[in-house]
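Inspection log for the structure reproduced underneath, given as structure tokens.
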């Protein structure tokens, strides 16, 4: 998956430029004041720093809708152009008004980068490493700050520091970013699918994943275009077709779903669990009941947690359901002859589909079924996809990975599989109507290669040498299912082309229960992040350390106070980098929720120590040591959790169709809170003092921990479309519980 990694690194340069700009203006403003004689005009001085925030806030209000219409990549290109132009204008700026204009343009670039880079990375990254890659913006932003502090510190040592050069240097990395966005970054495959550009989306996915077979993920992206369908959670016991499970709560043969494998004689049966079976003891329901006893925890949190607590330790990159599960869905194309060995598959009328406009990857045939006849079987059978687009899905086959192992076409990441079940329902007129259910399958428990381990429960009479596993399933109607096409093609899920069915972003979709629930989580965590004190500690680090006596030590070395403050900020930023590296490693292992719950207490303790240090009188050396350690700990643990995770979560929890709109709302909240905190800080410092301000921040961090514990679910390793389905299910469960 080196393609996805390189693309994420290139996109994250936008955040490097943001960090670079923030640190540069903090140092350059000291010299801007002198040249333009702004000592007596604090309003203009504040505007020079704040104009970037104002520009970011303004552009954020429309960036989401425009990115849904125009695409993610063009917006990143525009961001790089704005960065570059603003750097050149700042290099020239003959007066303060031109400088303010340049800072406004810079703010536009910052707003686009901060809003859309996490979205872009989330939409291109594989689920297994999405958290790691989405921590890159925090890492590159800190690198940008460190390089900038080093540059500004070096320039500050000269007799006449040139602030125009400090600010204008931004145009050089901006030019590199512009070249990368033009020639290297592809468009988001999810956005391409939402516009019906299936062939392009397939090629991008093949490049990002480094393999030809991307059928499962292509089907997933098509399914992700829906917003809030009727979804239910079901459980299945999956095992060999010829093996009986002696459990009265496992449904009988008439309800079973047959899954076919690519090898002769290789097939399995999925039997729905209809009650509390002996096998169901190890299911999610037990854990959900125990957690619900807490009363206050959002059912959505327990719903997500029930998936993660039994995720297999190994095999996450392939299906862990059992050894051949990843490949058994891949019957099709070159393997069509394998149908001969199963007597249940018989020819039917309407078996032959019309060709797709002469073959190839043409998107002209808008009414072609998503699934070909070669991969379907009888009613109630799960049917798989084949290959990458609506027109080429029927021509796929089982692919080989670069390591020589088989890659299943139905794997959609994180151990999840996607499948369809042909079903029948009775219509209003009493006639049977054909339809399809979409099923997201996920194993519960250990890998199936450990034969019989799942069923070694007291009272279970299943054979010990059996090989079957328990699987959870999210079941709903396909997002783009068209019942009128079923009359034309009685076999295969008939899907209309996304360009015909998938509507653009709509404000109405935002009021769907799952989206509203996600907005509460996204906006809430953005507000709490900004009020947790990062800006206060960041902007006043030099002052805090100078008051602690550290600045005096540096001045004794012949370094001026302004240079000393820059050096201290640079050293603090450098210490943050290893912490972000640790966060990148843990983001997909421990998870977002766990990192937040474990790092927030350290922030609380650090702030309380700073409060005590400001109130209690102690020796200068002790005071300096305690204050310095507290500030460094605060920064290091902030960037491990509360720094990157709010943006990561916001980029994960919204449906594709409204992701741009919802992200813009969360980003707008971020910038407004940033402005409030930045401008209220001097007033608070003057009225209540530094100790009281840090005390307020500590209280907000306590509230943040409670909010995360009660409301924020764990999303690690889950495909984006599965996450949004869970939000939809969880929101409806909450509504149902309130009604009852």
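The backbone N, Cα and C atoms fix where each Cβ goes, glycine too.
Note: TrEMBL annotation is automatic and uncurated.
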Given ranges 314-333, 374-393, 394-413, the stretch to which TrEMBL attaches the annotation region 'Disordered':
374-393
Feature transmembrane segment in TrEMBL, mapped to one of the ranges 687-710, 711-734:
687-710
Under an 8 Å Cβ to Cβ limit, what residues of the same chain, 6 or more beyond the ends of the transmembrane segment (43-62), are close to it?
21-22, 25-26, 29, 32-33, 36, 96, 99-100, 103-108, 110-112, 114-115, 664, 667-668, 671-672, 674-675, 678-679
Paired segments the transmembrane segment (98-121) and the transmembrane segment (661-681) in contact, 3+ CB pairs under 8 A:
yes
Report, as numbers and ranges, every residue of the chain located at least six residues beyond the transmembrane segment (595-616) whose Cβ falls under 8 Å of a Cβ in that stretch; write 'none' if there are none.
532-533, 544, 548, 583, 586-587, 623, 626-627, 630-631, 633-634, 637-638, 640-642, 645, 689-691, 694-695, 697-698, 701-702, 704-705, 708-709, 712
Per-region confidence, the domain 'Major facilitator superfamily (MFS) profile' (7-716) (mean pLDDT, whole number):
74
Which stretch from 74-92, 133-157, 561-583, 622-649, 687-710 shares the most C-beta pairs under 8 Å with the transmembrane segment (163-185)?
74-92
Any chance the transmembrane segment (133-157) and the transmembrane segment (622-649) have 3 or more Cβ pairs under 8 A, given the pairs are 6 or more apart in sequence?
yes
